[in-house]
Amino acid sequence: ADTNAPLCLCDEPGILGRNQLVTPEVKEKIEKAVEAVAEESGVSGRGFSLFSHHPVFRECGKYECRTVRPEHTRCYNFPPFVHFTSECPVSTRDCEPVFGYTVAGEFRVIVQAPRAGFRQCVWQHKCRYGSNNCGFSGRCTQQRSVVRLVTYNLEKDGFLCESFRTCCGCPCRNY
C-alpha cells in the first residue's frame, strides 16, 4: 500500500505531482476506450446512460456527474450509519477525481472521459475541525463511506469497478 494514500478520495496530494501521472496520452486512450463502449450500445436519446449495457459501467457507473447529487454521498444513505442529529460543521464540495487509492490502498486511474460523455463526480463532506460545535464532551469525527467507481487498467486496457473511500459526514461523538 502507498504511504501517500490520503484519508478520503479527492484529498490526494497534488504537491507530489500525482496529477501528472495521468498524461495526455493516457487521457486520450481512456477517451477512445469509453467512446468505443458508447458506440457499442447503439442507443440514442437522453434520459438513460449510453454505457449501461457494459457490465462494469452498469455495476459501477452510478456517479455520473450529470445525475449525482450531494446527498448521494452522505453517510446516512448507507448502512450501518444512521443520520446523526448532532453534526459539526461540514464543508461540501464536488470533485472529479482522475486518480485515487482503492480501499486496499492501491493507486488507480479513475475514468474521466468528458469528450465521450462520461464523467464521474463525488461529493466530499469534510469536517471543518476549526469550528467544533460538539459541546464540551463531544468530538467531531470524520466519517467515511465507500463509493464504487469505474477505473481503467492500463496494463490490460480494460475497465474495472473498484471501491474508494470518500469523506461523507461529521457526527459528534462522546468519548
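Cβ coordinates come from backbone N, Cα and C, glycine included.
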Scan Cys140, Cys161, Cys167 and flag the one Swiss-Prot records as disulfide-linked to Cys60.
Cys161
Swiss-Prot annotation, disulfide partner among Cys75, Cys95, Cys170, Cys172 for Cys134:
Cys172
In Swiss-Prot, Cys88 is disulphide-linked to which residue out of Cys10, Cys65, Cys121, Cys140?
Cys140
Swiss-Prot annotation, disulfide partner among Cys65, Cys168, Cys170 for Cys121:
Cys65
List which of the disulfide-bonded residues Cys60, Cys65, Cys75, Cys121, Cys161, Cys168 have their Cα within 10 Å of the Cα of Cys88 (disulfide bond), in sequence order.
none
Near Cys170 (disulfide bond), which disulfide-bonded residues out of Cys60, Cys65, Cys75, Cys140, Cys161 have their CA within 10 Å?
Cys75, Cys140
Among the disulfide-bonded residues Cys60, Cys65, Cys75, Cys134, Cys140, Cys161, report those whose Cα falls within 10 Å of that of Cys127 (disulfide bond); none is a fine answer.
Cys140
How many Å lie between the Cα of Cys121 (disulfide bond) and the Cα of Cys60 (disulfide bond)?
12
Find the shortest Cα-Cα separation between Cys75 (disulfide bond) and the disulfide-bonded residues Cys60, Cys140, Cys161, and name the residue that gives it.
Cys140
In the structure shown, which of the disulfide-bonded residues Cys75, Cys134, Cys168, Cys170 has the fewest other Cβ atoms within 10 Å?
Cys134
